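The block underneath contains the structure these notes are about, expressed in structure tokens.
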Amino acid sequence: MASQLFREWAGIQQFPAATQTKLLELLGKLKQENVNTLTILVMGKGGVGKSSTVNSIVGERAVAVSAFQSEGPRPVMVSRTRAGFNLHIIDTPGLIEGGYVNFQTLEIIKRFLLEKSIDVLLYVDRLDTYRVDNLDKQIVRAITDSFGKEIWKKALIVLTHAQLSPPDCLEYDVFFARRSEALLKVVRSGAKIKKQDTWGSNIPFALVENSGRCNKNKNEEKIIAGGTAWIPNLVKTIIDVTLNGSKAIKVDKKLVEGPNPNRKWKEFIPLIFAVQYFFIIKPIQRAIKQDIAREARPAWEMRDTGSPLRKY
Amino acid sequence: MASQLIREWAGIQQFPAATQTKLLELLGKLKQENVNTLTILVMGKGGVGKSSTVNSIVGEKAVAVSAFQSEGPRPVMVSRTRAGFNLHIIDTPGLIEGGYVNFQTLEIIKRFLLDKSIDALLYVDRLDTYRVDNLDKQIVRAITDSFGKEIWKRALVVLTHAQLSPPDGLEYDVFFARRSEALLKVVRSGAKIKKQDTWGSNIPFALVENSGRCNKNENEEKIIPGGIAWIPNLVKTITDVTLNGSKAIRVDKKLIEGPNPNRKWKEFIPLILAFQYFFIIKPIQRAIKQDIASEARPAWETRDTGSQLRKY
């Protein structure tokens, strides 16, 4: 796709100067590594802030956000270009519907991604949720089954509503530590990441506060507790994951449709057939014939055929 | 239970004076109507603030609250007495577990309530949740199936985390209106409340902010956006529901165990048996005998019985 087709990443300019500088620095770092395009996939439950996060990164209201309505049924790709760098962010519908993973939504997402390469997965959830449960594990498992375990090497966990006042008696840092620990446990469990895979303990987190009342530092940058400007921090974490050496996830036909059951081990069919014939069917036929020959014939059968005294 | 066995409601005294006055006024109103005891049942999903709300009403940490762990598996009844008035609040475990209503928990709750009378149901959820879904409807349905539709005449919906900053573009009042509208719709749907039951549109809501950083007015009372002191408001709403004329929900053996299948329509058994015999069995027997008589007998059978030429 030629870059004239993408819109200019104008949204960068509405960030405060300090944020713009950091972002352009980070983009420069990518180009140094010969990365000129970045495809980011955003997934998670409904209502957690996926669309809001996309809008925050792009710097404009690129995707519709509604507090009370469900997202649209289809993924939306937002593409922007800047100084020869192409950014693609794919916002997706929430994966959970009414207590179940919505596999139909997952299918729509997979087909949307056909022939695309995912550089980074943003798994989004709220910071201010107090429980993890089996549903979270099921989303992770569904993502893993759809895209392969390797996607988690290219993932970061985004926690929204980061400007939270923690519950009484819990410091913000402690709350964040326990929340992220619980989520990481769920991801490792749902994706079946083994203990010896150290990368599984290193999936990074990024805190995000998308609302307009996010606190700001003296440079007018949006910050979260601790004073970190979260937009550059989020982009930095995305770039770190992009450059961490693991392969991008190519979503090809094979991945989307799963292994074709018709092609698997087709060549073995004649062999298995021969084994069944010679080693199973024939011996059983022989045994049946022997049984028939040996049995005593009842009186009426012999009478009928006119040979009462003949015993076989 | 004699009131010497119930602890004194000491927690009232840690409320600011203005709140104490209002609470004692409300208790007085109840006693005027000859209501000397109040049993409140608190139910809802896990992690929404049921235990925190109970602690707020009682004025002390009567029930354990943990941000990250699930509640205990059993309900807890907190009883306090004050000037001859007995308050019983029953805190329950969250009804949803991993995407399903936990019917085992519901059974435990029902047995806990055996021979108690529920004066008010507090259905608790968070104000700052952006979606309602089928799970919410299922909890409501499970509560309705367990205690009967009438419980919703004695119910109020409690919304916690009320000191929320609404999402961008939405005023607090508008957000609250839409959230409560969505929840009310779910309650009416799950409880199968008909349109003509006007009481179904009048289930009251109460906003609650249990955290220590709740804003306060000049009387040191905890207030929610809009300035209402929420503790007296919550207790007033409970009082209104208690005195609204509908019957308290008596949880007796019949309610818990459901209708005894052994007793239902026992007297009809002989009649049904007679009907089956005369109108179903006998005609079928007759038809079978006719079929036997009219069939041709095979040659070998007639030969065997020595009556070759006889046909029946």
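Just so you know, glycine gets a Cβ as well, placed from its N, Cα and C.
As recorded in TrEMBL, the features of this protein are as follows:
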DOMAIN    A:35-259  domain 'AIG1-type G'
BINDING   A:47-52, A:66-71, A:His161, A:209-210  GTP binding site
BINDING   A:Ser51, A:Gln69  Mg(2+) binding site
Candidate with sparsest Cβ neighbourhood (10 Å radius) among A:Gly47, A:Gly49, the listed binding-site residues: A:Gly47
A:His161 (GTP binding site) CB neighbourhood, other CB atoms within 10 A: 22
Cα within 10 Å of A:Gln69 (Mg(2+) binding site) - qualifying binding-site residues among A:Gly47, A:His161, A:Asn210: A:Gly47
Sites among the binding-site residues A:Gly47, A:Gly49, A:Gln69, A:Ser70 close to chain B [C-beta, under 8 Å]: A:Gly47, A:Ser70
Averaged pLDDT score, the domain 'AIG1-type G' (A:35-259): 92
Cβ-Cβ neighbours of A:Asn210 (GTP binding site) (radius 10 Å): 22
Per-residue Cβ crowding (10 Å cut-off), top of binding-site residues A:Ser51, A:Ser66, A:Gln69, A:Ser70: A:Ser51
